Structure formats: C-alpha cells, structure tokens
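Engineer: Please find one structure pasted underneath; my questions will follow.
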C-alpha cells in the first residue's frame, strides 16, 4: 500500500509538472495573439464559414473565396464544430459573403484561442509518451515539444493547427510503443482523415503492423489482418462516406491533391530540390555564356512563383510520380528494418525518418512540414547521447528555416528570442542528462568539476555558426548593400544552407537505422 501511495503521488507530481509546462506555453501563446497573421488565418476563417453556411454536399465545391477547402473531411468536420462557437462569438465570422477578409478583434481572439485550446491534444500525446520515463527524459521531451519554437512560430504567429494534428500522431506512437497496435493504427487512420500529408509514414505503419500485429500464425494473423483492415475502412468510411454518397470523391481528391501547384512552394523548403533548382539555373547560365540557346522558362523559382509544371531549363522536368518514387525508394531501407526487427521502441525513429524523406523528396513541400519529423525526433533525442547531438542540430536548423515566414520587423526579436531560448533549454537539458556521474561525485567532494558528455563536434559547431553568418548577410548586409535588387537572394541563401543541414540529418538517421 505504501509503495502504491508513493507511485500515485509521483504520478500526480508528474501531471502537475506537465500542466506547468503547458501553462507557461499557453501564457506565451496568449501574448502572441496580436502578432502577425498569414493568409492561413483567412483560409481557416473561410473554412468556418463554408462548413457552417453550406450543406455538406457543397463544401468541396464552393469557390466564393480563393481559399477553398482542401483538407480531408475530418478537418472539415472539425471546422464545422468550431463554427458553432464562432457564430456565438460573432455571426459574421461564419458568413460566407460578408465574412471575407473579416479580421476584427473578435475573429482574431476566437481563432487564436481555438488553436491554443486544440493544443490539449498535443498535451495528451506528450503525457502518454512520457508517463513512464525517468524525470529528466520526461522534462526534456516536454520542453522540446510543448515549448517547441517551431510550433509557436507556425501555429501561434503564422497560424495553423499543427499542434492539434501532431497530438494525434504522438498518441498513435504512444499506443504502438505500448504494444496496443490496433489502437495505434486506428489513431493514425484518424490523423490521415484530418490531414492527408501525414500519409508519408503510412508505409512504415503498414509494414510494422503487418509484421508485429498480424504475423502471428495463419488463423490468428488472418483474423488480425481482417480486424485492422475493418478498423481502417470504418475510419475512412466515416470521413469520406457522405461525399461518396453525393458522388463527389473526384472533386474531394482534386482539392486534396492539387498537383498543378508545382514542385516547389513559393518559398523553397530546404530540401533536395533546392540543389536541383540551383544546378539547373547554374547550367542554364553557363550554357548561355558558351553560346547555347537555352530557353528561360516563363515560371521562375527565384521569383517565388509556382506554375502548372516544373520550369527547368536544362535538367529533366520533375513530375509528382517522380517524387513519389523517390520518397518510397528513400523510405525502403527503413521498411526492411521494420520488417526484420519490428521493435515498438524503434517506431518513433522510423516514423520521423519517413517524414524526413517526404520533406526532402516530396512534391510541393511546405517549409512548415519540417515539424512532422522534428517533433517525433524529440522522443528519440532522449534515448542516447548521439541522438541528443543530432536533435540539437536539426531542431535549430528546422526552426531557423521557418524565419522567412515572419518577415515583418516587429516579429524579428520574437523569432530570434524563441530560437535562442530553445537552444539554451536543449543545451542545459542534454548537458544535465549526460553529466558524468563520477565527476559529479567528485564535485560534491570538492575534488573536481562537473563534466558533461554532451559536446558538439567541430563540424557541427562550425555549421551552426554559419547560420549566424547567413542571418547577418540576409537580414542586414543584403538590404544595406543591394537594397531591393536580387530580392530572392536571402531566401535562396537560407533555403540552401538549411537544406545542407536537413540532408545531413537524413543521412544520419538512415545510418542510425541501418546500424
């Protein structure tokens, strides 16, 4: 009884600490309410109006606003749920016509607070993942996920609901790690019906669940395969069934997969295609200098435009099928490992790697998608010293790559401060986690100093210092010396330099998985 009471007190203390992390994050989020908002703010306001004002059969047909509904049905249902409360706050929020570009305080406060409240899903995911870990590991994950500067920048300044969606992913991972495969698979299916871009990890889920859950003898395996198949079908039927009934599946799919948007987003995500674009531009420039007639494509990457194709002058054009094949090829070594040794403790690592592959080689990747792998990698980071060093680097690179999203001067100190505080928290946390216990005892005996094993290598330090140089050049030197000329250069420099770090992370993760 005494042991049971002690465990209960410990759990209660852990929950209070987790709530403290969340309360601090919430206080910061509330302070960010008046900050800059991207067009995604109006996108989600319009979705509130579409789902509230129109019957379900017209949700994916409406074109009143250019910001048409292009997320899967569960997210549309989520917007419909929020619209009930939005109408109470201010009926104009959900008015399809008069609500266009409506941005008074009532709208801003409602939508900002809806994101903050939806982050309770992230809190639940973190709690389930960390409830059995040692205190230092649990606190580190809480700090890296709940206080993630990337989530604060993207969700609570720029405006999106990534924390809510990543909460579903973390819940799914937590159940897989507990050996509750059916529930983990169910939650991942639900997540896909909220946002289909998470499907990059679907091959990992398929192989892992087939091998770990279904590979249990002919009769048992077949029964489990049918069971999990029925669960997934039921989830997708609940999401897409009404639209199948109305004969709109083709329209829904067209909205969800707008391949005509082009290979790259307006701001190049720091991935493999940055190098491909630069190589194409370099070759075109060199060949024109040598006298070759190289036609310049009408759409220009450096101008930040996206067209109906991939406008390459010299190198082969890239199609969605090409990117799909490259992502699948990159993920294949991970799938083989998952089949050979389906260990629940490795699930988070495999899922993070799959999202890294999707980010590097996918079609029309947004820079915000780096959150898909940096958040799961936070779980992996506490497992070893090498994982901690890797996460320290990649999380800083990922956060810095989001800086161009906040281009207004008043947000500049905020994003810099968030990244610096995140770096300091990580450094102190990892240093404490990997402190040499023998040296600690010597310190207590006043015979020596505390020595931590957490130390970045010379190459990693040099690369991170390079981020400072990139920021000085793009933020201060370029405007001072060039003014408005070559406006694309700062974005290109940030994307290219960060792409080197993300490519390094991909190679490092692959090596870690294989060895």
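From the backbone N, Cα and C atoms, a Cβ is placed for every residue, glycine too.
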Engineer: Scan 63-86, 183-206 against TrEMBL and say which stretch is down as transmembrane segment.
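Structural biologist: Per TrEMBL, the stretch marked transmembrane segment is 183-206.
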Engineer: Checking feature assignment: transmembrane segment per TrEMBL, candidates 40-57, 292-309, 346-363. Which range matches?
Structural biologist: 346-363
Engineer: Per TrEMBL, which of 372-389, 390-407 is transmembrane segment?
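Structural biologist: Per TrEMBL, the stretch marked transmembrane segment is 390-407.
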Engineer: Do you know which of 87-104, 159-176 TrEMBL annotates as transmembrane segment?
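Structural biologist: That would be 159-176, the stretch labelled transmembrane segment in TrEMBL.
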Engineer: Looking at 110-129, 259-279, 390-407, 487-507, which one has the highest count of Cβ pairs under 8 angstroms to the transmembrane segment (413-432)?
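Structural biologist: Looking at each of 110-129, 259-279, 390-407, 487-507 in turn, the most contacts to the transmembrane segment (413-432) are made by 390-407.
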Engineer: Short question: which residues 6 or more past the ends of the transmembrane segment (487-507) have a Cβ under 8 Å from it?
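Structural biologist: Beyond its ends, the transmembrane segment (487-507) has Cβ neighbours at 267-272, 274-275, 278, 302-304, 330, 353, 356-357, 359-360, 370, 390, 393-394, 397-398, 400-401, 403-404, 463, 466-467, 470, 473-475, 478.
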Engineer: How about the transmembrane segment (390-407) with the transmembrane segment (183-206) - do they touch, taking at least 3 C-beta pairs under 8 Å (6 or more apart in sequence) as contact?
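Structural biologist: Judged by the Cβ rule, the two regions do not touch, with the required three close pairs absent.
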Engineer: Counting only pairs at least 6 apart in sequence, do the transmembrane segment (346-363) and the transmembrane segment (226-247) share 3+ Cβ pairs under 8 Å?
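Structural biologist: No, the transmembrane segment (346-363) does not contact the transmembrane segment (226-247).
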Engineer: Should anything in the same chain at least six residues away from the transmembrane segment (183-206) have a Cβ under 8 Å from its Cβ atoms, list it; otherwise answer none.
Structural biologist: 71-75, 78, 165, 168-169, 171-176, 213, 228, 231-232, 235-236, 238-240, 256-257, 327-328, 331, 334-335, 338, 347, 350-351, 354-355, 357-358, 362, 369, 372
Engineer: Hey, which bits of the same chain come close to the transmembrane segment (110-129), Cβ under 8 Å, at least six residues off its ends?
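Structural biologist: Same-chain contacts beyond the ends: 15, 18, 22, 25-26, 29-30, 32-33, 41, 44-45, 82, 85-86, 89-90, 93, 141-142, 145-146, 151, 155-156, 159-161, 163-164, 166-171, 173-175, 177, 379.
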